[in-house]
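Going by TrEMBL, these are the annotated features:
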REGION    1-38  region 'Disordered'
TRANSMEM  69-89  transmembrane segment
TRANSMEM  95-115  transmembrane segment
TRANSMEM  127-148  transmembrane segment
TRANSMEM  154-175  transmembrane segment
TRANSMEM  196-216  transmembrane segment
TRANSMEM  228-248  transmembrane segment
TRANSMEM  309-327  transmembrane segment
TRANSMEM  357-378  transmembrane segment
TRANSMEM  390-408  transmembrane segment
TRANSMEM  658-680  transmembrane segment
TRANSMEM  686-708  transmembrane segment
Amino acid sequence: MLEERETKEPAMNPFQKNESKETLFSPVSTEEVPPQPLSLPKKPPLKICGSNYPLSIAFIVVNEFCERFSYYGMKAVLTLYFLYFLHWNEDTSTSIYHAFSSLCYFTPILGAAIADSWLGKFKTIIYLSLVYVLGHVVKSLGALPILGGQMVHTVLSLVGLSLIALGTGGIKPCVAAFGGDQFEEKHAEERTRYFSVFYLSINAGSLISTFITPMLRGDVQCFGEDCYALAFGVPGLLMVIALVVFAMGSKIYRKPPPEGNIVSQVVKCIWFAISNRFNNRSGDIPKRQHWLDWAAEKYPKQLIMDVKALTRVLFLYIPLPMFWALLDQQGSRWTLQATRMNGNLGVFVLQPDQMQVLNPLLVLIFIPLFDLVIYQLVSKCGINFSSLRKMAVGMILASLAFAVAAAVELKINRMTPPQPGPQEIFLQVLNLADDEVKVTVLGDENNTLLEESLRSFQKMPHYAQLHLKTKSQDFHFYLTTHNLSVYTKHSVEEKNWYSLILREDGKNISSMMVKDEGNKTANGMTTVRFINTLHKEVNISLTTDIFLSVGEDYGVSAYITVQSGEYAAVHCRTEDKDFLLNMGLLDFGATYLFVITNNTNQDPQAWKMKDTPANKLSIAWQLPQYALVTAGEVMFSVTGLEFSYSQAPSSMKSVLQAAWLLTVAVGNIIVLVVAQFSGLVQWAEFILFSCLLLVVCLIFSIMGYYYVPIKPEDLQKPADKQILHTQENVINLETKKTKL
């Protein structure tokens, strides 16, 4: 998220026409000018507590805080919403997440064009904020389980995300620049401090929201499951507040008119140069010194010179998307990794999607640490730590972060039960009969695949792996007790987990096959289900918000996610009786099966079995990779923008911002493509990204080695050097605002 924070300020500079100059002086003219009617002086803007800060910026800063809370809060829970609410697989969830992120960084080009060429910044912010709010409403409706089926939820989610991307991207280049417009030119120092407060509001909004919204999702239950509707609704409410607050300051804003879009001028200039060169490729036509000189027939020399300086910087932007491809996976792949780790830190339980809060928190720590300590120490050691070298080191740190993530992934895999592959199933057998039962599993050719003897109320110590000849197959089961033999058949499908439940049916032995969920734990929470051996339906109140009913005569409930902890007295009810079940301690991330049995002397009891072991690896193991990637972000993003803006003319700064945001968008597209088509296991995918960034870092270093930096004074326009000559021809100086 730092790439956005650092690109806010330059957005106020794009080829800016200083509208206040019109009131500063009147040029000399030899023509007679008809007398103009006297105009009343403009009312000075309201100030904050007698300072030089316009009151209007208070509305803008509050608006930015609420909008960033809205965006990052919604985005924090997005991957888990795809995975556990829409039931998409991890690759699809990752791809859609990064497609949305990419769209959020493409739409600023559209927002800047609308603001600069048509509506102006104020109206653009208002109108696109309405689109933003509508997107949140649609997205929240798509998270209501009672509203339609999965297709309805999917359509509403995609429509809502598209509207949100248009809204947040469209206003991104406008808000900070609009805040800069509120200051008079003589208050440039106050304007600089305003941007510091503006960045602080961005950090505060993202920091608080990425901590709170996962709590709203996981700690609050809606309709018996995680409350995604609330987790999306609260950020939507903050966006409504952002819009209302911004509109409240309408009457006190300075609203400069649209000034024209320099980005479109640059694109047209480059396109004309290329097409003109192509049309005049004859050998008879003399060559020109630079390919952009072919635009001289249509565009002014100064614009061509500025575009030349711009293209030198844009050439260095070519390798940058790979860095963003790694950085933005904090909200997708790294969050999915956290779901398989233990979030219990002793003092509190950290939700998997709450780990993202480390990024803005570490950014606030690392920026002053690097500027005031690390860079100073490196300088005192006599090392020339140039901007391009800092960016290369930032890439290396991000690459190391993904190497660490791969190591953590391998450690998780060693502690996680294996998953059934193609033409495989995992099977466990539970004996709920009163006698010992011998189970023999036979294949199609009556060959013995599994043989196990189980005492009463005993289950197999672990799942057995069985191979299929096709994607689906019938297995034959031979059940034997002391005085009875039963032959039965059940169908299974590949890549699934199954439980064969044995029970007494009068004097006979019967069995039923129940499909288990392959990944039973969601969001790293504890998962439970029940089998009711009673002859009456049982209603269970796990918490004040979670209720379920289990049918009579070996009814099997669905899986229910609950918070880990002690459940010593769970209230249960049948049609004629209330009783309590002692479920004991439920470990973090484990899966339990409880069999409700009848006790003639006492109330019904629960037989507890652990199907999936608890997550043993602490989520704190992700801290090194977050620290490395955030340090890389600080060195890469801040330094990259500082270097870029020092190497390009002031008129090209908005074009640089657009190009910088486009590198973020392309980086997210890279993740989308790899997630969909690589087919790699997760640790190998992390290694792939790490190696790719190292290769890109090498290419970038070679490009930087041959790059010759431009001195800032070389970027000064000839027009700027002739200011004194222009001022000699000026009369009627208006000195109320500034002195020339």
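All residue numbers here begin at 1 and follow the chain in the order shown.
Cβ coordinates are placed from backbone N, Cα and C, and glycine is handled just like the others.
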For the transmembrane segment (127-148), distant same-chain residues with Cβ under 8 A (at least six beyond the ends): 67, 70, 74, 81, 85, 111, 114, 119, 154-157, 159-168, 170-171, 222-223, 225, 228-229, 231-233, 235-236, 239-240, 242-243, 246
Stretch contact, the transmembrane segment (309-327) with the transmembrane segment (658-680), Cβ-Cβ under 8 Å, 3+ pairs: yes
Distant-in-sequence neighbours of the transmembrane segment (686-708), which means Cβ under 8 A and at least six residues beyond its ends: 312, 315-316, 318-320, 322-323, 325-326, 329, 333, 388-389, 391-392, 395-396, 398-400, 402-403, 405-406, 409, 674, 678, 680
Candidates 357-378, 390-408, 658-680; stretch with most C-beta pairs under 8 Å toward the transmembrane segment (196-216): 357-378
